[in-house]
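For reference, TrEMBL has these:
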ACT_SITE  15  active site, O-isoaspartyl threonine intermediate
ACT_SITE  15  active site
ACT_SITE  95  active site
BINDING   62, 95, 96  substrate binding site
DOMAIN    7-198  domain 'L-asparaginase N-terminal'
């Protein structure tokens, strides 16, 4: 019988680890209320998929994750994926910024092993949480040989999503993410990954080694009429 590979779960918080006073509350809840060991303990099916190890990176809502955390996470993942016994990694994450983190990791991690981000739209305390199935499917994807060479992926609502082409379009529905014209990479059937396309070549950026190396870029928002136009008219 083949030996199961190891999948490392890095927990950062978010709705997937959220809890509310009521099982029917899907909006008023505390993000990152549960630790990763509690999530794993509540999903015994994981032990049939892979050898699971875990690290609690932080326990925050995703808007509170800063560049320092993301750089450290990228470096940690790169180091851990050098271990031949590790098949892939999963990052539990809040959905508000999950695509930004996925894109960052896709640009900075050179390993061809699967890196999978997973979240949920309902907290763990919900009457019908989507997090457990999402997490199971994410671990299956991270341990799948066909997932190699596909860069960083996002798992939500039975879909395998590209880090580059996926965005959140709704804050309240379980079906909250869309992939636009490019489409999804695949879906899950009976919680098993099914890809639509073979892996494609990807580009990896030169990675900064510390937070101090990162330079902030100013983003300017504009509207019609712009401030400059208003000043000219005054």
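Using N, Cα and C of the backbone, Cβ positions are placed for all residues, glycine too.
Each residue in the domain 'L-asparaginase N-terminal' (7-198) has a pLDDT score, and their mean in this model is 96. When the record's substrate-binding residues 62, 95, 96 are compared pairwise by CA position, the greatest distance found is 7 Å.
Neighbouring residues of the recorded substrate site, listed in sequence order and excluding 62, 95, 96, comprise 14, 15, 61, 63, 93, 94, 97, 98, 119, 168 (Cβ within 8 Å of the Cβ centroid).
There are 22 other Cβ atoms within 10 Å of the Cβ belonging to residue 95 (active site). Taking each of the recorded positions 15, 62, 96 in turn and counting other Cβ atoms within 10 Å of its Cβ gives the largest count for 15. Across the structure, residue 96 (substrate binding site) and residue 15 (active site, O-isoaspartyl threonine intermediate) are spaced 9 Å apart at their Cα atoms.
Cα spacing between residue 95 (active site) and residue 62 (substrate binding site): 7 Å, rounded to the nearest whole number.
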